[in-house]
């Protein structure tokens, strides 16, 4: 006869039922003699072990957390989602880094192709060079020199570009400043024409010795009629008292002389563009005119070739028209003269 093993919880229930039945029989005093003998035959360590086992099972049941299948599935989904998101982020970051490296490699390759060095080197034939020129120069040395030149150009590329930009900005600023100063100069000239300048002169000068005026006695017998007859001024009692007080004053008199300054000369006007000349003025015979006029240095030109004549000390004149030396000898050299179409078109433009 075989006995199948029982689960642990069934064994626990059987032990618990046996112990409870025994305790109830002892309390009520019932039971067979065989049972009493059997109870008395059970040793105390067994009960002790059973009680300890029961207490341990209770503590383990308190700490045990029961979870169903749904909770396990939700936890698996959360873990799987987190791992999937981390995997996607790592793949995207790797792709971005790869693209950046590819772009940098392409830019470096493009920069190297654009920074090719072409030039000429001149060497003075000194004794040291003559002694060292027989040495063999390998291709590696030349490549090293070229690489060094390219690196220097690559390092100084930004600096040279910024320097060129600064130079262009400064040049543009200078041009604008000159233009603004020219407009302000025109307005200033107009204002100066409207203003009048006065010069004050004090006489006598402070450093000169002031002569003492003779004292007039108070009992002056000169009548008001005498003043009126001598100076042509109608005298009254108030003017007579004022004259007497002024006569008693010893303060020297000073006279203010106001003399108007001459107006500023008119600004020179170019005979070619009819604008005021600010700067160097060129005075020469105007085309089709019998008197000299003023020009900008770049507006006095040859009638034929339309080149400025400001760089030449002299020029040639024919039929009241200025010519440079080359055009004059080409057209009017005395051997043959035939005005061409180019000169006719220039005259039409003039």
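All residue numbers here begin at 1 and follow the chain in the order shown.
Cβ atoms are placed via backbone N, Cα and C, with glycine included.
Record features (Swiss-Prot):
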- 83-110: coiled coil (COILED)
- 1-37: compositional bias 'Polar residues' (COMPBIAS)
- 45-65: compositional bias 'Basic and acidic residues' (COMPBIAS)
- 268-334: domain 'LIM zinc-binding' (DOMAIN)
- 1-65: region 'Disordered' (REGION)
- 177-198: region 'Disordered' (REGION)
- 206-225: region 'Disordered' (REGION)
- 235-262: region 'Disordered' (REGION)
Three-state composition of the domain 'LIM zinc-binding' (268-334), taking helix and strand from DSSP: 7 helix, 18 strand, 42 coil
PLDDT averaged over every residue in the coiled coil (83-110): 87
